[in-house]
Amino acid sequence: SVPRCYLNKQLATVRVLKGDPAELSCTVSKDNVTGTWFKDGLKLTSMDGVIFEKKGLVHKLIINKAEDIHAGKYRFEGGDVKTEASIFVEDPPQVDKVLLKNLTSVPTVAKAGEGVKLQIPFKGRGPIRATWLKDRMELGDDTRIRMDKTDTCTTLSISSCDRRDCGDYKVRLKNDSGVLEINLKLVVIDKPQPPAGPIKIVESSANNITIQWKPPKDDGGKPVQRYLVERQQVGRNDWETLGETPRSCTSFTTSKVEEEMSYYFRVRAMNAEGASDALESGEVKAAGKASPGAPDPPEIISASRDTITISWKAPRKTGASQIVGYVVQKRKKGTVTWLPVTNVPVKDKKLKVTSLKEGVQYEFRVAAVNAAGTGQPSGPSEPAFAQDPTKSPGQVQDLKVSSSDSTSVTLTWNKPEVQDGNDVKGYEVEMRPCNSLSWTKCFTLPAESTSCRVQGLRAREKLFLRVRALSDSGPGEASELEACAGAAAPVVSPRLLIDDTVKSFLAIKAGSPIRVKIPFEGSPEPVVTWLKDGLPLPSRAAVSTEDGSTQLLLRAAEFGDSGTYTVELGNGLGKRETFSFQVQIIDIPQPPGAIRLEENVPGTVTVTWDPSASEQWEKNLYYTVLKRESQKGLWHVLGDLIYNNKFTFTRVVPGRDYYFRVVAKNDLGASDPSETVQPWRFWKTKAEFRVKAQKYRGVNQNQPPRFLVPLKPHVVVTGSECHMSCAVGGHPAPKITWYKDSRDLSRDPNYFCTNDFGVCSLVVLGVTKQDEGEYMVEASNEVGRAFSKAFLAIKGNC
């Protein structure tokens, strides 16, 4: 008998990307076997791009470049052997590599209010579904955002973007071969939000008002460059520009105030895109010079179920006359309304407030009264409940400073007098700086300790210290040192503490104050000397030196105050240090001189003017030229950033009257305008009359829709794809709408509709029994409508 041929190696299924090579091979046991290849049951004799190869026992089918036509089930038969395998040609969505790198590496930047269009061209086997996501959430069409898709491109359009559109975007392209995800970033820049409020009044006196604010929560995508501060006097409508501060400074002091006058302030943040909306303050009143200052917040002495006793100290600034009493006010904690406690000022600095509601927490404040009136109120006291007190230990005795060095202070005291059933369980030590009202707990000590050492102090740092006894019923009343305690000062060479707040160049508006404060250190206390251009300061300059800082003040800057200022420290031991800075006085420019008009070239006007007097001292001065075409019309800018005294207007319309205006500008603002009094007119010549022949309108080519190739019935197997198509004509090009059982399929994601130059297709993916029914396509234009119907039948797998 003849030995049978058998397989040494069977065919194996291959998955290959479209355009890549593919190969099927099998090995038989006999060399003389002549094999035959089949595809989808049909014998292959020849096929584009396919090579049949036999080398000894190995039979190969080689595809140089896989295309969709090469996908299918292949079978090899030779002698007694038979083997099958499939080739799957994958064609996932793809995007050009250079474009993909540009899209993902560089964010898209747009200005607020502009339209944005993100367009992604792609290729791959259709149908391809495109999905857009922002911050991991799928986007949908709305009034501003629209997503469009064709067979080769998907586009995200935002008609008018704003800051909320910033973020990470992702486009997901998906077909039956795979998924491609592309990450994009969109940055929208805009003017900043208003500064964060509210505006805080740091100081309000007869001479100065200082306001403070916080940076905006959103800088608009570009850093804040500066802040613009304006003021309005109560009762007036106009706002006055006071000045600007750099982005690092969120406070402003103005000395242009009048006694007892009330103002509103507003602040705008500015970046490269413009100015924010304004943050406005409430009404701010400048104090009178004779009124007393604000006392420290009152302290709670004791409390019962319907009374609270408070005490306070006289204010540091008593005004020009003697204090005659105090106005005491109260409020419930959490409310904003202050109510008077008495109808007349209290002469003593202690008051028992009665008729309080038991269990309610109250706050108190006081204001001093003299012949000039009531002064500024104090800050609120610590809140206190109207309730009967619990027993607490008494005050510690003989509190004093026993020793100190450059970094510490040591306190000693004696135990308080013991009250019945209320033994001392420990002590609590608190401190506060001399310039603060807030106490901070330092130590909690056992009952055996009657001394403590407060460490970590700076040289010459002054503190208030107090100690209170603790018991099971709570803390006792604190004993406080009568004066500030401080660490001893070591010998320190004089040194100016220059930081970012001290500038080496200052540009000051004329009439505004020059205020320069420089901190320093040194021990013993150094001698401070100020110079201007190497000479003593003018008599108008005021210098104050205290608490480790020296300040130069000129209340109203003049042009003669420009120059080099130097501060010098010396300690008498031969150690010296200096610092110099430049001051330049600036102001809004003076208006330009007289304007002259000349017609040097027919049909043009040359505008010349005498320079502004401010050119002598302003290096950054420029001019803006404006025009209007009637005596009461609107002014329009013709030229800006003009650094000479001449401008030529070329778009002159004959027969019209023109008025011209010139304004000088610098970084602070614009001058008053200089204007022409008489109009300028360029006389026109009589126009030539011509008759214009009508154009031929042509023939109406509109045609109603008609089906060139109608729909045909289909019978498909469950799970396969169904392609339905037809051809439509008409002018204008008809609009195509698909229906199943009278239901519009335009927005159903299970169906893919295309229209390529009148060839209309509907693709149903993964057909199920529910897809069986009557399908209709409607073609419509402005001339008419046409319909074509066909039935889709579904049969199950055998």
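Quick reminder: no glycine exception, Cβ is built from N, Cα and C everywhere.
Annotated domain 'Ig-like' per TrEMBL: 3-74 (among others), in sequence order.
For 194-289 (among others), the entry in TrEMBL reads domain 'Fibronectin type-III'. This prediction places the mean pLDDT of the domain 'Fibronectin type-III' (194-289) at 88.
Positions annotated as domain 'Fibronectin type-III' by TrEMBL: 294-393 (among others). Each residue of the domain 'Fibronectin type-III' (294-393) gets a DSSP state, and the totals for helix, strand and coil are 0 helix, 38 strand, 62 coil.
The domain 'Fibronectin type-III' feature in TrEMBL is assigned to 395-490 (among others).
Residues or ranges marked as domain 'Ig-like' by TrEMBL: 494-580 (among others).
Under the heading domain 'Fibronectin type-III', TrEMBL lists 591-688 (among others).
What TrEMBL lists as domain 'Ig-like' is 705-788 (among others).
According to TrEMBL, the region 'Disordered' annotation covers 373-401. Here the region 'Disordered' (373-401) has long-range neighbours at 204, 287-288, 290-300, 302-308, 310, 312, 315, 319, 327, 329, 331, 333, 338, 356-367, 409-419, 421-424, 427, 437, 450, 466-471, 473-481, 485, meaning same-chain residues at least 6 beyond its ends whose C-beta is under 8 angstroms from one of its own.
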Have the domain 'Ig-like' (494-580) and the domain 'Ig-like' (705-788) got at least three CB pairs under 8 Å, pairs 6 or more apart in sequence?
no
